[in-house]
Amino acid sequence: MADGAAPNCHLRLEWVYGYRGHQCRNNLYYTASKEIVYFVAGVGVVYNTREHKQKFFLGHSDDIISLALHPERTLVATGQVGKEPHICVWDTYNLQTISILKDVHTHGVACLAFDHDGQRLVSIGLDSKNTICVWDWKKGRVLATAAGHIDRVTGFLHFSTTNAMPKSLQCNGHLLNYEKDMKSACNNSMKIFPMMNHVGFLKIFDVSWDLHQPNKIISCGVKHIKFWSLCGNALTAKRGVFGKTGELQTILCLACARDEITYSGALNGDIYVWKGINLVRTVHSAHGSGIFSMNACEEGFATGGRDGCVRLWDLNFQPITLIDLRETDQGYRGLSVRSVCWQGDHILVGTQDSEIFEIVVHERNKPFLIMQGHCEGELWALAVHPTKPLAVTGSDDRSVRIWSLIDHALIARCNMEEAIRCVAVSSDGIHLALGMKDGSFTVLRIRDMTEVVHIKDRKEAIHELKYSPDGSYLAVGSNDSSIDIYGVLQRYKKVGECFGSLSFITHMDWSTDSKYLQTNDGSGKRLFYNMPSGKEITNKEEVKDVQWATWTCVLGPEVNGIWPKYLDVNGINSVDANFKDQVLVTADDYGLVKLFRYPCFKRGAKFKKYIGHSAHVTNVRWSYDYQWVLSIGGADHSVFQWQLIPERKSKEFLHIVLQESFVDSNSDQSDSDQSDVPELDSEIEQELQINYHRQIYKEDLPQLKEKCKEKRQAATSKKREKPPDSSVRLHFVHGYRGYDCRNNLFYTQTGEIVYHVAAVGIVYNRQQNIQRFYLGHDDDIVCLAIHPLKDYISTGQVSRDSAIHIWDAELLKPLSILKGHHQFGVCAVDFSADGKRLASVGLDENHTIVLWDWKKGEKLSSVRGSAEKIFVVKLNPYIPDKLVTAGIKHIKFWQRAGGGLTGRKGYFGNLRKIETIMCVVYGWTDEMVFSGTSTGDVYIWKDMFIIKRIKAHDGPVFSMHALEKGFVTGGKDGVVVLWDDSFERCLKTYSIKRSALAPGSKGLLLEDNPSIRAITLGHGHILVGTKNGEILEIEKSGPITLLVQGHMEGEVWGLDVHPHLPICATVSDDKTLRIWDLSPSHCMLAVRKLKKSGRCCCFSPDGKSLAVGLNDGSFLIVNSDTLEDLVSFHHRKEHISDIKFSPGSGKYLAVASHDNFVDIYNIMSSKRVGICKGASSYITHLDWDKRGKLLQVNTGAKEQLFFEAPRGKPQIINNAEVDKVDWTSWTCVLGTSCEGIWPMVSEVTDVSASCLTSNKKVLVTGDDFGFVKLFRYPVKGKYGKFKRYVAHSTHVTNVRWTHDDGLLVTVGGPDTTVMIWTHELDGYKQAIQYDSEESDFDSDEDGGYDSDVTRENEINYTIRALTTSLRPMSGIKPHLQQKEPSQEERQGIVRCYLHSMISSALYVPTQTLQYVLQQEVPYLIFTLAITSPFLGEAASAYYHPSKQAVKDLTLALAFGYRGNDCRNNVHYLNDGTDIIYHTASIGIVHNIATGFQSFYLEHTDDILCLTVNQHPKFQKIIATGQVGTAPLIHIWDATTKQTHSVLRCYHSKGVCCVSFSATGKLLLSVGLDPQYTITVWRWQEGTKVASKSGHTKRIFVAEFRPDSDTQFVSVGMKHVRFWTFAGKALQSKKGNLGSIEDARMQTMLAVAFGANNLTFTGTISGDVYVWREHLLVRIVAKAHNGPVFTMYTTLRDGLIVTGGKERPSKEGGAVKLWDQELKRCRAFRLETGQAMDTVRSVCRCKGKILVGTRNAEIIEVGEKNAACNILINNHMDGPIWGLSTHPIKDIFLSAAEDGTVRLWDITEKKMLNKVNLGHPARTVAYSPEGDMVAIGMKNGEFIILVVTSLTIWGKKRDRRSAIQDIKFSPSSQYLAVGTCENAIDFYDLTLGPALNRISYCRDIASFVLQIDFSADSNYIQVSTGSYKRLVYEVPLGKQVTEQSQIERITWATWTSILGDEVIGIWSRNLDKADVNCACVSHSGLNVVTGDDFGLVKLFDFPCTEKFAKHKKYLSHSAQIANIKFTSGDRYVVSSGGQDCSLFVWKCL
């Protein structure tokens, strides 16, 4: 065979020397069979120590860096580095890949861990965020992902992938090896280096599942440990709290124990013990330095560290024993433990230096060294012993090692002073020469490794050295371009030098007689020298016949074939020739070892490739006897030993390796042009040229339209006509796609025929000659498969994001739509035998193969299929996890492995040509496969081997079908052949010939023996599809019936209909003219082959003649009956684009051509009588007027021209006159009467054709997007409304109405189809499933206006994390201010004061406090009060011994309901005993009888929506969605408050709507992102099922139909959409208003459902629209007087409740109860006392209606008596600025922007009273005795009320801006009023209700925030908007500036957020936010605060240290406005800003 062919022998990996200890840890384990599993390079190794045998897993493509052992200890998971890294789960027993996990991580997979039962796997990525991912590894499915650690780090580790050389980073000229010194990297603040290509940065070092808590994960790394919770698809982390138990440092490893105990190893050698998230204990100095590994087992724990020690611990982590490996016989200084595994009485230890020790516990001082390898540093040196099975290696680790190839062991090692780069063994095996990196070389005696000589003649590295065959000389090649020759017998005296090279020496070979030396160098030159002189030989003839002792050079004619044919690469590092077996082995930079024939003279020779090494393979050598190949990896430090399997044993070997991880050896990269590669058949070659790419795809239309916003706005400013009332319905399609498709024709269950053409799936009843259509596709269908039960069809189409539709052949409805994994198209599909799975192949460059669970719409597995086109995919009918693909020059056998597929190429054998495979079927066993080839052969395969070859056809075998007992094949030769079940006998043949056609055929066969592309059997017939677009049915007796026919490949442009008869004519690029019958027979009546392609045709007015325009510029007139020529003309060169007879007698014929002219011919005289000139571009369309005197012409330049006939004189006619002309036909596309047919995106598409009905009412158009559109004529104004139909795939080239307008005929260009549509005239009311969308954009009618709707639509939700300050503050924040020292401090004087004592009139009268202050307090007490808030507590207790500090807060009560911008968020629970609703970020379950509340508190931001699962199986399951940049949906139990699932959404901004499906298993969510994305979830699994952009405008509500899991409706701004959920795809239809009078598309606000597929939508005008499917059938006018905000469908009886916006009246109310059809109703008044009731939510249960209002009220209405019971009451608008607690009772007041002050009773859990002020209120305060209340308002007025009577005692308005705070003095004499006018006014209340201002405070730099009086009422402290705290005298208003005087003041209250006493309440993250409020407890021991992040915080008081410790509580939305302690410190009350809520917290 030619030298370019691949060799017949093979290599088999026999042994790997080495273990990856560097850069990795925890990668060494015992399996269940007591074997050892580990990895090195890209190989997983299973080592049997008893038998001393290795097995290998070779499923990785790059360095493995992580490993985890399954709990059952038979499976392992390994993760690799790489651009697209993957995880393999594989079996250690049979080495089979069980699962491949991919498509999540980048750069690499650093850590892996299985959970306790082995069902889930967690992985850590090497990306910048160290992504953590949880997998269902068996299914290959991602359960959850999250950013693992994104903090800025001071240290990092990094990995680089293949070809990153070396695995290190360069900094300041030095190579910093990753993780070489962990302590330096992590502890000494090593700089962060910029990320290189494919380099991963590691900040997480270990991860583990908590084996005792199923959904808990722990990860650790650089200065952190995190405790993760998995719920749904969300991973949430809590950082470990180090506290004071241990220092914050890097954690390197961890292990979990019971009772939430976690043990972790730290960088300093300590072990940290964690309880929950808190560090509770430290085991100091467990190791001397970093603890790299920790292993948990039944006996306890084992740890290994950098100190070289292994320690064993019991289950309580008490020490058992210490094993110091450095002190053992095998130990050495610097030994570092990287992995430890304790199993029974054995311990495995892996070290940094690639060693594996095994320790027997009772003999722990005698470890066994069971594996060794080279250490860190590159490995380049390799040589073999000349007479013994020994190999020698040398490395940058400065060691030279000798390996026994028989014993697979290291037998000698010697450490040198320098790094070793090459080695050579003398020919007698006595001496060993080592070339060093420093330019020296050393010679050792092999027997004892003693030095013979050390010579240094060069400065640069010695890269190559070799002994001469006679042992006399040693040639030493260095990197300084020279070769030195040394005499061995002269004690290595230099005897010669070679100076010919211009670059470093890379390779050398001696001749067999030792007289010549050939060399290669870095410049790519091959040189020859005489030896030993070193003289260069320039005459190549001199060395022409030289025999070389070895061939290790990479250059030379004998090794040309190792280099690619067309690529200039230099990545081959080493070569070695096996002269005996005539093979050559190479090593390259891509980690490949390749086997070629030797010699191989032609570039691009074929080869066999072997993987295992990760990065560059630096050297390769044959053993002395050619039994083995040795290869070494540069960066992986490993030595691979390969066994040569000679040709005679190769077949036996291949059958063995089928059971192993054998890598395909026939490389795809081979590009040799050998004669044994067959040429492709012309049809196949033609098919490969087809380009399925589109410049613009239909899915691009929404984005294109969005770019045309300005055009749209201009168009919608004008009123546009409605679309026509009539519509069309697809009736029949002529055509079948056979020219580029195969196996796409089947019988259905009912005996109908299913096939496809264009974008239509067709089900054809051959008995009735009727077609039914699946019209779900929008572009070319290019493949089809049928379900095994013959009832479901799968079709794949062309598109950017290609879709596969699975649809019901009977109902023609989609069952599932599969998208997201193919690009540009799907070329092959196949169902599994059980029908549950589907395989598909894409048209992308990799021809991606995907395996689907099609019912769920889930991708099960995927893999890159082939660079060459794949024609067929077939699933194994016996084993559904197996499949086969075939295509251009390949066949491949695949096995599913989790999320991936592993594949092996078919082995064509030694003498087999690599054929192109066109079709494949499985045989009678799972191993038997039959394939048809492009040469006409059938290959029979067993497994991956050919066992037989049969000549079946003359030309390609395009189709094959398997029978129960035999096969049937069809080929290009047009013959159908029946075979027996072993393909040994041909049973019968059928030739497709015209003579065999049966009388009942529906057409004419174009030619004999057409190429057969599809074949199937069923119902006693053989069904055949041909390349010519024909479908034929063959009876077993021989007759053939033609059933379907269409044009062949080539565009169809020409179309015309007969003027009187139901026939039409078409002409195409396939060079045929055809006549079609439009009557029910639907057949082709006549056909004529033309010499040229045709582009247009036209019947004469009498129908007797037919004119045909051709592509060469000629045209024919033929007899329309016989198609015989009457006359022909040829006056033009360009093709004829349009042709038309004049009306009447048809005297003239106008012929338009692409050379810009219209010729007019007199038919009677057969002469050209006129030429129409003046067009600047080619002619596209023309039409005659009815008089036959005027022509209108359209051109490619969009000109509308007019010419007088017959001379062709140009005419100028204005638009008004054109409209008056009576045209015979209208097929033009330009003019004012059809201006509106052009779409907004007309820049990228053309309207190709149009045609007007004879009654001039309806204009049909066809365009380049494949749309057929109907317009109401005339279509004046831009962007007319239309009805649109999709069936054609790409451009619709022509359209025509029949003579009676009863039918429409359209032709597709590239899709070759002729489609016939029935015209459903005006008044036709039947719902047509594919009726059009009404226009390109939303309705231009007014959608209606309502202030509430507008506000909700425009609302911008504040995300808590991005919140800004509630008030317009200015200045430097307190924690950032530099405190200036006082004069005493500057002088070094230390003075102590009792620090701002807080007085409480409740406990200590003022007189007593003043008395206490006057006493001599011990100095110690003063000191304690100043220095420590904790000891200050003791000091306070000195005064108040009974008081206790508040330790914790718990939410006890919530007043609030979010009704102002939410809806459908109040529901009954437990049969009406409880209700559920939400406010702020909490879900509330409220008991109606007791008022008791319980809370769901797991949300982190505002809840926006809530729904209750109605299915009985999921009772009390609640879903709530929140605000956020990556918002969460929580699904939780209303009773237990347990979270069942958390869904991390792909929405941005927030989730505005959620809805459960009928079965309760699916959840629908709508996002607040700009596309208002709709997503469907399987909430129990936490998986996203489908997602799609919902609308460009706000969606208010989306709800599942209560009886469906697949249908839902969304409503919003001026739209309603009806959605169908199929598989993983969402499809929608706009609501179609149809012909309902006065119907307009309003803004839709609510939705409800009725029986018989009815849907009710509430509108902004108060109407309710009633829809059946997506068609409007009725309007319930004025169901409410205002917007219908909410609707509720009662599942028990079908009654519907609506809620709207109405003024209360006797006749009507805001709540109405309707019957099932919304025809009768009963209204309910709410009796809220409001002028306008706005209902936002309704719910119904057991005769009661639950109502939620915009005013934050929840009301229960009785259906019988209409009685109203207000359950929940609250402020309707916020913020709630004012808050004051009663001095004695547990009641409080609140004042808000809604203009009300409300009185609340905590004990009674309700609102007691409400006062409407008429203006927004800003502050409120009780008097000290609680008998009066002061209220400050936004307009500057304040009011004082008497509490008992709620009468006004006095009011005053001295300011015009808002009052910020108001306070009574403790003495009740004064009232202080602080305003936004930077002032505080004082009023003396003893002077009476006149409230005359007595004084005010001056010089306040900013607005007032808070006011506090001193205990003696003599002073007031003020917090201001400039972050300044000021003190003034009362009532003088004089500022107090003396600090000593201020420090002596005791304050009655403390609500200030400023001051040294509360500096600690300001946190670090308050850059754009503030602490808004504070309150010190009455005991003076605590302070609570509320901030802009919505956090309530509890501190000790005073908190004088910055960033004081605290407890925080999350329930409010962003921005808490106020906070107060109640009397006795029993409760804390907080008021919200945006959430309008009041929360009561119980103090514990």
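Here, residue 1 is simply the first one shown, and the rest follow in order.
Keep in mind that glycine also has a Cβ here, set from the backbone N, Cα and C atoms.
TrEMBL: automatically predicted annotations, no manual curation.
Feature annotation from TrEMBL assigns domain 'EML-like first beta-propeller' to 53-155 (among others).
If you look up TrEMBL, you'll see 203-358 (among others) marked as domain 'EML-like first beta-propeller'.
Per TrEMBL, domain 'EML-like second beta-propeller' is recorded for 379-644 (among others).
Annotation comment: TrEMBL describes 771-1033 (among others) as domain 'EML-like first beta-propeller'.
The annotation domain 'EML-like second beta-propeller' is assigned in TrEMBL to 1052-1318 (among others).
Residues annotated as domain 'EML-like first beta-propeller' in TrEMBL: 1493-1756 (among others).
Residues annotated as domain 'EML-like second beta-propeller' in TrEMBL: 1776-2043 (among others).
Taken from TrEMBL, the feature repeat 'WD' covers 284-316 (among others). For the repeat 'WD' (284-316), the DSSP counts in helix, strand and coil order read 0 helix, 16 strand, 17 coil.
If you look up TrEMBL, you'll see 381-405 (among others) marked as repeat 'WD'. DSSP places the residues of the repeat 'WD' (381-405) in helix, strand and coil in these numbers: 0 helix, 16 strand, 9 coil.
Marked as repeat 'WD' by TrEMBL: 455-486 (among others). Remote same-chain partners of the repeat 'WD' (455-486), defined as residues 6 or more beyond its termini with a Cβ less than 8 Å from a stretch Cβ, comprise 380, 421-428, 431, 433, 435-443, 492-499, 501-514, 517, 519, 521, 529, 531-532, 534, 549-550.
Taken from TrEMBL, the feature repeat 'WD' covers 950-980 (among others). Residues 681, 683-684, 742-743, 916, 918-923, 930-938, 940, 986-992, 1008-1017, 1022, 1024, 1026, 1034 of the same chain sit 6 or more residues outside the repeat 'WD' (950-980) yet have a Cβ under 8 Å from a Cβ within it.
What TrEMBL records for 1285-1317 (among others) is repeat 'WD'. Within its own chain, the repeat 'WD' (1285-1317) has Cβ neighbours under 8 Å at 694, 728-735, 737, 757-760, 773, 775, 777-781, 798, 1029, 1046-1062, 1064, 1066, 1068, 1070, 1076, 1078, 1082, 1246, 1248-1255, 1258, 1260-1270, 1330, 1332, counting only residues six or more beyond its boundaries.
Residues or ranges marked as repeat 'WD' by TrEMBL: 1769-1810 (among others). Using a Cβ-Cβ cut-off under 8 Å and counting only residues 6 or more beyond its ends in the same chain, the repeat 'WD' (1769-1810) has close neighbours at 1366, 1401-1402, 1452-1453, 1455-1457, 1459-1460, 1479, 1491-1493, 1750-1753, 1816-1822, 1824-1826, 1829, 1831-1832, 1834, 1846, 2015, 2017-2023, 2026-2027, 2029, 2031-2038, 2040.
A Cβ distance under 8 Å defines the sequence-distant neighbours of the repeat 'WD' (2009-2044), meaning residues of its chain 6+ beyond its ends; these are 1358-1360, 1363, 1366, 1402, 1446-1456, 1458, 1460, 1479-1482, 1495, 1497, 1500-1502, 1752, 1770-1786, 1788, 1790, 1792, 1800, 1802, 1951, 1972-1979, 1982, 1984-1994. The annotation repeat 'WD' is assigned in TrEMBL to 2009-2044 (among others).
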Same-chain residue ranges lying at least 6 outside the repeat 'WD' (381-405) that approach it to Cβ under 8 Å: 17, 353, 372, 374-375, 411-429, 432, 434-435, 437, 444, 446, 449, 618-625, 627-628, 630-632, 637, 639, 641
Recorded stretch, among 53-155, 379-644, 1493-1756, maximising Cβ pairs under 8 Å relative to the domain 'EML-like first beta-propeller' (203-358): 53-155
Selection from 53-155, 379-644, 1493-1756, the stretch that has most Cβ pairs under 8 A to the domain 'EML-like first beta-propeller' (771-1033): 53-155
The repeat 'WD' (1769-1810): DSSP-derived helix, strand, coil residue counts: 0 helix, 20 strand, 22 coil
Averaged pLDDT, computed only over the residues in the repeat 'WD' (2009-2044): 93
